[in-house]
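Now, the feature entries from TrEMBL:
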| type | residues | note |
| --- | --- | --- |
| COMPBIAS | 220-230 | compositional bias 'Basic residues' |
| DOMAIN | 289-355 | domain 'HMA' |
| REGION | 1-60 | region 'Disordered' |
| REGION | 180-243 | region 'Disordered' |
| TRANSMEM | 441-461 | transmembrane segment |
| TRANSMEM | 473-490 | transmembrane segment |
| TRANSMEM | 502-526 | transmembrane segment |
| TRANSMEM | 538-556 | transmembrane segment |
| TRANSMEM | 688-714 | transmembrane segment |
| TRANSMEM | 726-756 | transmembrane segment |
| TRANSMEM | 1051-1072 | transmembrane segment |
| TRANSMEM | 1078-1097 | transmembrane segment |
């Protein structure tokens, strides 16, 4: 034998040597045992986690092909002579000696799980919580929890390698079958990676890492390799690396000189395991894959809880976010686990169906003409293509970098001889999953109704007496309905309970419908035997119950889907564009637009994507994007926004952003972010919903026992009659209760509110901002560009003695490229005088001060900025400018004043009315600005803002400190709130983004005022105003207030409904009750008001 662990089987005869040109340049990456290149060999060991640690250990011999084992057939002599074992060789685990591979099986996993059970002290689990379900291995068997965790951690390794002993030893743990480890003389020395210098590029793979063993040699049982075309260093197509074949060990491990230092086989195996380094994935444990899944099958809050727990307990999932309303999950996959494996885990444990949403750059659906999508992805990919996924047998989805290859070039010329054409456009996968779910539930509801109507007819219609015949037909129909319609509830409820530890609404449905059906079957059996029960069978109850449940779910899903679609901004994206080229005008699919294109916008048509006008003029309606009701005039060099509607003119527009990454996509992405985020009040709803179902089950048991006692003790009924009557009440209590109203109270309101705000030009980027904005007690405003229009004009200018033209030229050269509003206004003023800029070297902007540079001709230091920085406050001209309330802009040459400018800005038309409304509501208004004191106080006086709430000459850090003081309550507002009760201050800061980032981050609600609606993604604020309009602050507060009111109503309705419904179903009222057969309407009655209350926000006055 060549390997003490038998993982290599018998040595094979040396096959004929074959050359491989593709592998030649990768000699440094050769495997020390087999010649397969290792994609992680050239990585920095410090970045490779455990694999890197293993690679940095002292040099150890590979025991797979160690010279101490004589291997016949070796031509190089590396395996021919026995060598005394080295002291640092890791002994072969005895569990592997003499065994045929795989040497480990499921019993090894049980032993590892049992070890975990025994590891924890009484009453403690791995997380320090009470382990009520763990017996700590007293009966010699592991608990279910530890067994599941162990299989999750090691099952894939066992399947891939057939042995997990070496991985455990490499981790410093006991083998799965060995007694405590032997003395340190036979163990490997361990050091931290930083103690050993990085090794050269040598692979740590081993032929022993193969899972299967063949009599002929090392069998490479590996996952199928995706035969992606690789490119060599010179850009030409390289041959794909051939897969390892049988018998390769005897040839390749001896084909060349082996490295003098090799890593121990156990370390090699664990290195590969730690990263699960698949050559077709090329992945390492440090990689992170962002995944967005569209989930089908979610109906209630219990489903979202189940989804969150199923994904949250997976060791590879991080940063999980879920949404019931969007039927969506978003998370990061870390380590070597693939997104496909996580999706399979999710579908296996929840019964949900999921589909990955591609959100990585540009992507297209291409239809393969030959109809073999699987074979299509194995050909070489064009430059710029990053991923190709199979959609169906004829369609592939291609992700690509649009800056490298355009969409039209990719379709027409990218695939060589392969004929492809653009596939039909796919709708938003999130919405499409919802539509499929609604259709499926609708079809099942229709089938349920068709099966129920005959049962109701035979039970309620005045037909001739044929009880057995009618009962038999009803039994057949009820059985079909119970297993076909209600059947899917069973695995969902059981898997939810077993895998996610969640008792959800489906369990109530299963218990109630099963009880009604089983009781009817038993009753029918008594009828057939000639001993009918007093109540008779009631198949109509079980069938009608299921049908009404399905009706409720269908109507609820339909209403929820319509509510989500009604505020979907992606519907503004047009599907076609009129491309202008040298060949004329051509109408193309908008997805085929690429950088450099010019497209034509005809009158009364929607603009397909963002761009800049290069010819023509028109008026454009941007109300659906920015909320601006008046048409905006567009001319040459004016930006246009995707989704806006052109007026009477014709425009030629040069594309600046692709349809998949334009303003519509950006806004829709931010709205989705808000929908996925959860406010703090949602925690309360989730907590209530989590206790709801167990409480209802307890109330059902109490109701059952109470009615048996009443029937026997009070009504003197026989035991069987009292039991039957108690069952009817228990069934009604089980099914009439519904936690969905409570669970949907918050997300429905948040989803609709975010859409309604977007229609009015306000984008909420988080749900927390919707939750707290209505509590605003302080509004802090920047001056320039926020209160004022930011379009400064020079009203005064003064120049010191000397050549004014030279001074102007130097100043324009210094400030000509600066975007700050003051510098830009002065530069525009000078350009209007036809001043030519002088060359200035190293112009540098100093935040809150100005700009400085050096004149290339004279070498003199040039500075321009505020008077404080330049120490020109006492200068008479500066004093004159400031006394008139103008903004002073000074210019010095070599420290001497050369020019002084006075600038003024006009206040926005809606600023006065907005500030007045806020003051009337008891909200304190503040101004913080970097401008001069007189200019700031002049604006404050025009808006009736108290002087104590005005701060001028503020740097960005000063603004942040002022807001921090407000939040700490150290700054008293000038206008107290109407409520006398002291509350935690809520500060809303609004700025235009210039030097405002620290203040936006510090405020409770940061509001970014966007100019023109195209830079919405550039701010880290909580709220974005799509147009420069201070009235957006009022909209922000109003949407927040009305949303919270809707949420409060939803909570109240959910509580009131469940209280009275359960009391009626339990028979608490003497003359009124809810029969079991109508209890299925509970979900419909409870959910519809919640959805309606949220949807009415669309027509609410905001």
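Cβ from N, Cα, C; glycine included.
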Residues of the parent chain within Cβ reach of the transmembrane segment (688-714), under 8 Å, 6 or more residues beyond its termini: 301-302, 305, 502-505, 507-508, 511, 721-723, 725-727, 729-730, 733-734, 737, 739, 742-743, 1058, 1062, 1066-1067
For the domain 'HMA' (289-355), the number of residues DSSP places in helix, strand and coil: 24 helix, 25 strand, 18 coil
The transmembrane segment (726-756) versus listed stretches 441-461, 473-490, 502-526, 1051-1072: most Cβ pairs under 8 Å: 1051-1072
Interface present between the transmembrane segment (1078-1097) and the transmembrane segment (473-490) (three or more C-beta pairs under 8 A): no
Among 502-526, 538-556, 1051-1072, 1078-1097, stretch most in contact with the transmembrane segment (441-461) (C-beta, under 8 angstroms): 538-556
Sequence-remote partners of the transmembrane segment (538-556) [C-beta within less than 8 Å, at least six residues beyond its ends]: 299, 438, 441-442, 444-445, 448-449, 451-452, 455-456, 459-460, 471, 474-475, 477-478, 481-482, 485-486, 509, 512-513, 516-517, 519-520, 523-524, 728, 731, 735, 740, 1075-1085, 1087-1088, 1091
Mean of pLDDT values spanning the domain 'HMA' (289-355): 85
